[in-house]
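To start, the structure under review is shown below, and the notes come after it.
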Amino acid sequence: MSLAHYCLLLAIVTLLGLTNVVSATTAACLPANSRKNGMNVNFYQYSLRDSSTYSNAAYMAYGYASKTKLGSVGGQTDISIDYNIPCVSSSGTFPCPQEDLYGNWGCKGIGACSNNPIIAYWSTDLFGFYTTPTNVTLEMTGYFLPPQTGSYTFKFATVDDSAILSVGGSIAFECCAQEQPPITSTNFTINGIKPWNGSPPDNITGTVYMYAGFYYPMKIVYSNAVAWGTLPISVTLPDGTTVSDDFEGYVYTFDNNLSQPNCTIPDPSNYTVSTTITTTEPWTGTFTSTSTEMTTVTGTNGVPTDETVIVIRTPTTASTIITTTEPWNSTFTSTSTELTTVTGTNGVRTDETIIVIRTPTTATTAITTTEPWNSTFTSTSTELTTVTGTNGLPTDETIIVIRTPTTATTAMTTTQPWNDTFTSTSTELTTVTGTNGLPTDETIIVIRTPTTATTAMTTTQPWNDTFTSTSTELTTVTGTNGLPTDETIIVIRTPTTATTAMTTTQPWNDTFTSTSTEITTVTGTNGLPTDETIIVIRTPTTATTAMTTTQPWNDTFTSTSTEMTTVTGTNGLPTDETIIVIRTPTTATTAITTTEPWNSTFTSTSTEMTTVTGTNGLPTDETIIVIRTPTTATTAITTTQPWNDTFTSTSTEMTTVTGTNGLPTDETIIVIRTPTTATTAMTTTQPWNDTFTSTSTEITTVTGTNGLPTDETIIVIRTPTTATTAMTTTQPWNDTFTSTSTEMTTVTGTNGVPTDETVIVIRTPTSEGLISTTTEPWTGTFTSTSTEMTTVTGTNGQPTDETVIVIRTPTSEGLVTTTTEPWTGTFTSTSTEMTTITGTNGQPTDETVIIVKTPTTAISSSLSSSSGQITSFITSARPIITPFYPSNGTSVISSSVISSSDTSSLVISSSVTSSLVTSSPVISSSFISSPVISSTTTSASILSESSKSSVIPTSSSTSGSSESETGSASSASSSSSISSESPKSTYSSSSLPPVTSATTSQEITSSLPPVTTTKTSEQTTLVTVTSCESHVCTESISSAIVSTATVTVSGATTEYTTWCPISTTEITKQTTETTKQTKGTTEQTTETTKQTTVVTISSCESDVCSKTASPAIVSTSTATINGVTTEYTTWCPISTTESKQQTTLVTVTSCGSGVCSETTSPAIVSTATATVNDVVTVYSTWRPQTTNEQSVSSKMNSATSETTTNTGAAETTTSTGAAETKTVVTSSISRFNHAETQTASATDVIGHSSSVVSVSETGNTKSLTSSGLSTMSQQPRSTPASSMVGSSTASLEISTYAGSANSLLAGSGLSVFIASLLLAII
C-alpha cells in the first residue's frame, strides 16, 4: 500500500471516529405521565487537578455516580457550559475569558491578575448551583422531542476538559427511568473524552435519526479538573435549522414511571401516530349536534390504531333563535329552559331547547337580601326556591342572603392568585360550631385571579395545526346549595403559523341568517392530512319582520308565551317558526315586594309562592317577597342579662322562627350575662390555715339558658392566714457548697383534683456565705432541729442525696434548751444531751440540749507571751474520786473534737477521733507536760455511757463535751464513746512494726514554785456498792483497791483517793466513805458496783476498723462536794484482744534524797499509734515486770538543759537539781520509716509510781520526755526521718493541760492514766 493510500485510509477512519452516525434505529419513548420543561442536572465531586480520571470511558459513562453527589437542579434548557475563573486585579475582581488570557497570568482589559488560577473557586456559575466549577463532574438527563422526522446532528464545538453525549433508549437511559442510576453503556453519540496528556479535537459531532412526536432519552456528562470550563452544545435539525445552547421546546423531563407498559418504542418507524378526525355532516335537525365516535384504523405497519372521530351534524333547514325573552311581574330575572319537540320538513321529530329569559317589569333590587345579625362576621347563604314557569316546568332559583354583623367585621370574600389563565369564582361552604355547640354553615366566596392578564372564560392556546380551533368544554361547579351547575369554557386554539380565516358568507333565499360549519381536508407541508373547519354564514336576500307579537290583557303582570306556526318558504318547503307573544297588563300594578309590621325584634324576609292563571288558561307561579319589620326599635340579637355570679357568661341560644310561609328559620341569639357586682375575672382568693400559698384550678360546669352545659375554669388562690415565706426555702447545711433542689408536692384542690406544686429549696453552707436556715413555727415548747434527707433526681437522671436542716421554733414561750448547772469541777463543762421528739410529721427527730456546768471555785491563770509559759492557780483544791479498773480490765476510749484558745485570741484547734484498746490495766500513753506549769485540776472519769459518750462524767447520757477554764482563755472539748469508729485517728495497741528509739537528756530551767507529788501504797478494803436501775437502787459489799496520792502546789495540798472494785459479787450492805478536809471544803465519795454488761469495742488499724463484743463490769461512784452530788460510771471490759508485746531489759534508776540507785528489770514493750489530721503518733510503754510499790518525790529546780545521745544504748539523763532520773533503753523499734524519739523510765507503772513530766519546745521542734510514763513524737505521714518537725501550734494547748496532768501524775495509778490520756488528747 502506497503512502497516499495509507493516508487516505487513515483520514477515512478518523472521519468515521469523529462523526458517529447512528444508522441503526434508535429506541424512542412515549411516557404517559406529566412532562416538565428542561433537563435535570446532577453534580458530583471531582478532585482538583486530577487529569487522569476523566480520561476513563467507564468513569464518564457511569463511574462518576460512585462519587459524592453534591446536589441537583432541574428545568435547565440552556445546557451549554462556559465558566471563566476570576481575575483579581488592582481595579477589582472580574471573570476572565480564556481567550483573553495573556502572558504569565493576565487578562485583556483587566490587567495582571494577583490570584492563583489553578486553585478551586466557588460560584453559582453552573446552572445556579453553588459548587466549584473548577473541579466538578455533572450529569444532564432529559428527553429530546424532535419536531421533524429525519437526521439530527449534535455537536461539541470544543471541550474543556472532558464530555460525552448519548441519545436513545438503552444508550442514555431506559425509557420512563430517567432518575435511575446510570446504565453501563459506553456507546456514546459524541465521545469528547480528553485523552491522557492530550486534548480532544474541536467540532466533534454525532448524528441520530429520529421520528417526530417521539421522546428520545438524552444524557450529557461533563468533567472539569482545573480552571476554565467550556462545553458549547448545538444540534442541526433535518430542515437545516441549527439550535445552539438554548434547547427550549426540545428537551423535557418525566418522573420515573417504571410500571408504565409500552413506554419504550423500539422502532418508531413501525409505530403510527393518528390524529383526531373531525367530520361535519348535514342533518334534518334544527340545531348543531356534536358526537364523538371511536374507530380502529390499521396502519401501514399492520398494527391497529385507535382513532377518534368527532362528528358535527348541522341542520339542513333554517330555524329561529332559541333564546326567548319574556317580561314578568317578579323582582328578579328568571332564566328557564324549555324543551319542545318540532317535526321537521322531513317528518322526523327533533327535540329543541328554548331558553326563556323572564325579566321583571318594574325596577327592584336583585335577589340578594341583607339582614343584620349578632355575630362577628358576614354570613352569605344561598336559599333555593323553585319557580314553575309559564310552560308548567319547575325552575330552580337562588336567593343569596347576606347577613351582616351589627359590629364591624371583615367580609367573607377571599381573593387568591393562581397560575391559571382565567378568573375563577367558587363558593366554599364551611361549618362553624357556635358557643351552643351547634354547627352553622358559612359561605366563603373565593375569587382566584390569574397572575397574568387574561380574558374571562375564553382561553387561547397555541397548537401546531394550520387552522384555529374553537371548542367548548363543560365543567361542573357545585354551588352553596349543593346542586351542580354546568359552566362552559371556550378554548380557542390558534395555529403557530399564519393562516387565512375559514369564515365564508353566502346569500340565500330564506328569511333568516343561517350559520353552518363545514369540514374540509387540507394536506399540509408535512404530507399529513389536516381537517379544517369552514364556517358558512348564509344571509337572506329579502327583508323579514320579527316574530315578536305584543298583546294587551287584563291581568296585573306581563306574560310572554311562545307559539309555534308553520310557514311555507319560497322553496315550497314548510318551515316551523316561533312567535313570541308578549301580553302586557292594561292597568298599573305594584311590585311583588310586601312590607308588613310585626312584634318581633328583628327584620324577617320570606318568600311566598302564589299561582296566577294566565290568559291562555295556564297557571303561572309567581313569587312575592314579604319583608316583616319590627314595630319597635330594638338592638341586635345580642342580649345582656344580669345574674348573681362572679364572672361574665356568654352563651349562644338557638331559636326557631316560623315565617309567614310556614317554613321554620333558625336564628341565633347571643346572651351575655354580667355579674351584678364588680369582681375579678375567674380568679378567687380564699384564706386557709396552711403556711404557704396554694393555687389550684377548678372546673365548673355552667348550664346556659339553652340547657347546654358550658365548662368554665376558676383559679382558686388560697393564701395563709399568717405570714409565711414564699415557695423558695433557704436552709443551712454542713456541706461546702450551695445546693438548690426542687421538691414536688401534691396539693389536692377543692375539686378533688391533685395539683403539683414545686418548692425550691436552697441549701447554703453554714460557713463562708449566707445561712439558709429554714424556720417553721410549731406547737412544741422548745426549738427542734431535724435533718431530713431527700433524694433529688438531677437533669442527668442520677439521684442525689440532699440534707435539709429544718428548725422548728415554738409558737409560745418554752423552756430554753441551754441549761446551766453548778458543779464541783474546776472548769466549765458543756455537755450535749440528745433527746428524741416525734415531730408533727410522725417522724422521730433528735434534739440536742446543751448543759453548761460551771465550777463553784475560781481558777486564775496567767499567760506570758514572751516565754509561752502558763501559770494556773486553783484557789481551792479538792480530792476527786476516780474509780479505777480491776487488774484484769481493759479500756476502750474514743475521743473527738479538741479545741483551745487563749486570752490573746490565739486559737489552736485540732480534731481527734480515736479508739484506744490496750491489754494493760493502765494506758501508758501521754503528751508530756512542761515542768514550768503549776496547776491543780480535778480529773473526771474518761468513760461515760452515752449514745455519743463524753469525757466529762455526768448523771445523764451526754453527747459531746467542752471544757473551759474560767480564769484563762483556754478551753477544750472532747467526745468519747465505748463503741465508736473513726477513720480519721485511732489509738491502738495492735501489733506495730519496730520503732527506732533514741535517748534524749535535757534540763529545764524554771523559776516557778516546785510541785511535789506523793504517791502512797495501795491497800485493799471493803466498799459498799450501790447499784441503781430504773430508779431502783440496791446496795452490796465488794472488795476494792484503795489508792491515795497527794499533790502540794504552792503550799496547797490535794489528796486523791481511788476505790476500784475488784469483784462483782454482791455481799452484805456496807458503805465506805472517805472524807477529806482541804481548805474548808468537804468532799464525800461513795463507790458502788453494778452488774456485768456487754459493750462493743471498736479496734482500728490502717484506717480499717472492726467491732467486737466484750463483757464489762459497770462501776458507778458518787461524789458529794458542798452539797453537789456527781455520779461517775465506769465500764471495765473483762477481756479484749491483747496487743503484740515485746519483752526487753530496762535500767531502772531510783533516786531519793539525792541518792540514786540503778537496777535492771525485764519490761514489756507495748506500742500504740494515733493518727490526728494525717499526723501519725506512735506510743510506746515499757512496763517493768515487778510489783514493788514505790514512792517517788520529784522536784523541779532551775538547771541547765543538757541532751546526750548514745548510739549503742539510748540513755536519757534529766537533771532537776536534787533529783535525777536516768533511763536506758536497750531496744529499737521503727514504723513507717520515720525516726521517733522514745524514752522510758524505770518507774513501775503497775506499782502506780509517777514522776514529774517535762515538756520542752524550741521553735517548731517539739521533744517530749517522760520519767514515769511512755513517750511519743509526732510528724506528718509524709515527713521523712531527716526532716521530722513537730507542730508549734500544739504548744499552747499542751502546756495548758500539762499542769493538770502534772497534778494527776503524782496521784494514783488511775490519776496517772487520766493524766496520760489527757496529755494524749492534746
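Glycine too: its Cβ is placed from the backbone N, Cα and C atoms.
Looking at 21-64, 197-240, the range annotated in Swiss-Prot as region 'Sugar recognition' turns out to be 197-240. Cβ-based crowding with a 10 Å cutoff singles out Asn187 as the top-ranked of the glycosylation sites Asn187, Asn689.
Mean predicted confidence for the region '3 X 15 AA approximate repeats, Ser-rich' (892-936): the pLDDT average there is 33. Counting every protein chain shown, 23 other Cβ atoms lie within 10 Å of the Cβ of Asn329 (N-linked glycosylation site). Across the region 'Disordered' (816-843), DSSP assigns 0 helix, 17 strand, 11 coil. Sequence-distant contacts of the region 'Sugar recognition' (197-240), counting only residues of its own chain at least 6 positions beyond either end whose CB sits under 8 Å from a CB of the stretch, comprise 18-23, 25-26, 28-31, 39, 46-51, 53-54, 60-61, 64, 79-85, 98, 117-118, 126, 133-169, 171-175, 178, 182, 188-191, 247, 250-252, 254, 265, 268-269, 271, 273. The Cβ of Asn419 (N-linked glycosylation site) has Pro450, Thr451 as same-chain neighbours under 8 Å, each 6 or more residues away in sequence. With DSSP classes pooled into helix, strand and coil, the tally for the region 'Disordered' (770-799) is 0 helix, 16 strand, 14 coil. The two recorded residues, Asn329 (N-linked glycosylation site) and Asn270 (N-linked glycosylation site), show a Cα separation of 69 Å. According to DSSP, the region 'Sugar recognition' (197-240) comprises 0 helix, 24 strand, 20 coil. Comparing Asn644 (N-linked glycosylation site) with Asn464 (N-linked glycosylation site), their Cα atoms are 81 Å apart once rounded.
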